[in-house]
Amino acid sequence: MGENTDVTVTTKAKTKTLFSLLTQPIQWLQMLSSKLNPSFVIGVFLIYGLGQGLSGSLFKVVADYYWKDVQKLQPSTVQLFVGVYFIPWVLKPLWGLLTDAFPVRGYRRRPYFIISGLIGTVSAATVALTGNLAATAALMCFLGVSASLAIADVTIDACIARNSIEVRELAPDLQSLCGYFSGAGALVGYLASGFFVHRLGPQESLGLLALSPALTIVLGFVIYENRTSHIEKKQISQAVMKNVGTTIRSIFKTIRYPQVWKPSLFMFLSLALNVTTHEGHFYWYTDPKLGPAFSQEFVGVIYAIGAVASLIGVLIYHKALKDYAFRDLVFYAQLLYGISGVLDLIFILRWNLIIGIPDYFFVVIEESATRITGKIRWMPMMVLSTQLCPLGIEGTFFALLMCIDSMGALLSRWGGGLLLRLLHITRTDFTNLWLAVLIRDLLRFSILALVFLVPKTGQYEELLPSDVSENNTVHDVDEENLELVPFNGKTEL
């Protein structure tokens with residue numbers, strides 16, 4: 001009898017634990033919604049989940065097959081093209097300045113959601129519906145899709161930066177929220193991408209990229225924003241110029257602080273030195289003679305596994321690493337990231353077959369290790385970026401920091417393309433691909449020497465002097481409050 005009672009108690013405890021694990025995410029979202037705003041959480045889901053996650057993953061896989069099978073370009077050329085349509089992300093300070101200082105009919109956010117959605121929808125539809133499109137024209141369409149994602153991202157990032165400053169104890173949680181949504185969206189996108197490429201073909205599959213910007217247009221119409229007070233056009237022009245001038249002066253003042261420029265320099269160098277050889281890997285993955293000859297569906301599965309690994313990385317950071325100091329966490333994460341890159345070298349040299357590990361299994365190990373360590377490495381840097389933004393210019397300044405990161409990522413892509421070209425890695429010749437991967441891995445380890453630029457402070461501590469934000473008020477209107485139009489009750493604009 002006693003044994004039966006113990007078994008019953010144990011079963012109830014396990015059931016309670018399982019139920020708790022299932023309800024924790026819901027409770028966490030409810031906590032964020034109550035302390036911040038439900039519409040903010042919804043906005044992050046639309047931009048990070050459906051935009052960067054779902055559309056970004058589809059874009060990555062489908063575009064690779066489009067360049068390879070439709071345009072039939074060399075991997076080094078594609079790597080350079082990828083850098084070109086990454087340029088809108090480098091221009092994020094411009095989008096941030098527009099949304100902060102140039103309201104349209106009294107609104108700072110709504111019009112830019114709509115504009116970004118229109119650009120993305122038209123660009124995706126054009127490349128999908130136009131046959132025999134020249135490579136340059138296709139590149140311009142991809143540039144439009146990328147610009148759409150970048151402009152929408154700047155708008156939501158301004159809200160994230162402000163909330164991270166005003167409720168500092170939630171700053172790591174907000175980056176975890178972005179990571180979860182983007183990871184979940186990427187998982188769905190990668191799983192579906194291989195299927196759509198196989199069934200519809202690369203060009204027709206690009207039409208799916210119009211889904212996210214179309215929803216962004218809807219978001220621009222339904223999201224609520226306090227309208228600026230009505231003033232004369234001359235006063236508007238004067239106010240805009242004053243805001244722009246104040247914003248630029250505040251940016252230069254803030255960036256001169258060592259606790260700002262040093263970590264910014266580290267983020268730039270850590271990205272620029274991490275040259276990417278992705279296109280060389282992709283062509284080798286799919287080569288039927290010299291590579292493992294992965295199918296279109298399995299390529300999507302590989303990236304989907306990477307998305308799951310990214311979610312695991314976010315979970316590890318959220319549950320176990322939020323309380324560690326920035327410098328210590330970044331050092332060990334970068335070390336693990338460098339070690340994970342060695343798996344690529346083993347795979348390219350086919351040493352995995354010598355030790356008896358099949359290609360299909362080893363690529364899962366390699367992709368998972370790289371994604372987990374990469375996400376753990378990057379999460380604290382995103383938290384640090386939000387903590388460096390002064391109130392009043394948080395949208396523009398966060399966009400500036402992301403621009404610095406994007407410039408590093410752009411150099412990474414172009415550096416990788418140049419490396420592939422110098423080593424004569426083509427559509428059918430992968431003889432020196434191992435050397436490109438070795439050089440990339442050595443550069444990853446070299447970044448460890450730069451970690452001294454990262455502050456030793458904890459992730460909840462304030463980095464900027466207290467007087468910085470007090471002098472950065474650039475708008476003489478009511479504080480903006482983004483929320484969805486309520487279903488009940490009237491809303492006055």
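The backbone N, Cα and C atoms fix where each Cβ goes, and this holds for glycine too.
These numbers come from a predicted model, not from an experiment.
In TrEMBL, the transmembrane segment annotation falls on 265-286 of the listed ranges 265-286, 397-418, 419-440.
Pairs of Cβ atoms less than 8 Å apart link the transmembrane segment (298-317) most often to 177-200, out of 79-99, 177-200, 206-224, 265-286, 329-351. The transmembrane segment (111-129) makes contact with the transmembrane segment (206-224): 3 or more of their CB pairs lie within 8 A, with pairs spaced 6 or more apart in sequence.
At the 8 Å Cβ threshold, with sequence separation of at least 6, the transmembrane segment (177-200) lacks contact with the transmembrane segment (329-351), having fewer than 3 such pairs. Counting Cβ pairs under 8 Å that are 6 or more residues apart, the transmembrane segment (265-286) and the transmembrane segment (135-156) reach fewer than 3 and are not in contact. If you look at the transmembrane segment (206-224) against the transmembrane segment (79-99), you find fewer than three C-beta pairs under 8 angstroms, all six or more positions apart, and that falls short of contact.
Counting Cβ pairs under 8 Å to the transmembrane segment (79-99), the stretch among 40-59, 135-156, 329-351 with the most such contacts is 135-156.
A Cβ distance under 8 Å defines the sequence-distant neighbours of the transmembrane segment (40-59), meaning residues of its chain 6+ beyond its ends; these are 29, 32-33, 142, 145-146, 149, 152-153, 155-156, 159-160, 163, 177-178, 181-190, 192-193, 196, 205, 208-209, 211-213, 215-216, 219, 223, 303, 307, 482-484.
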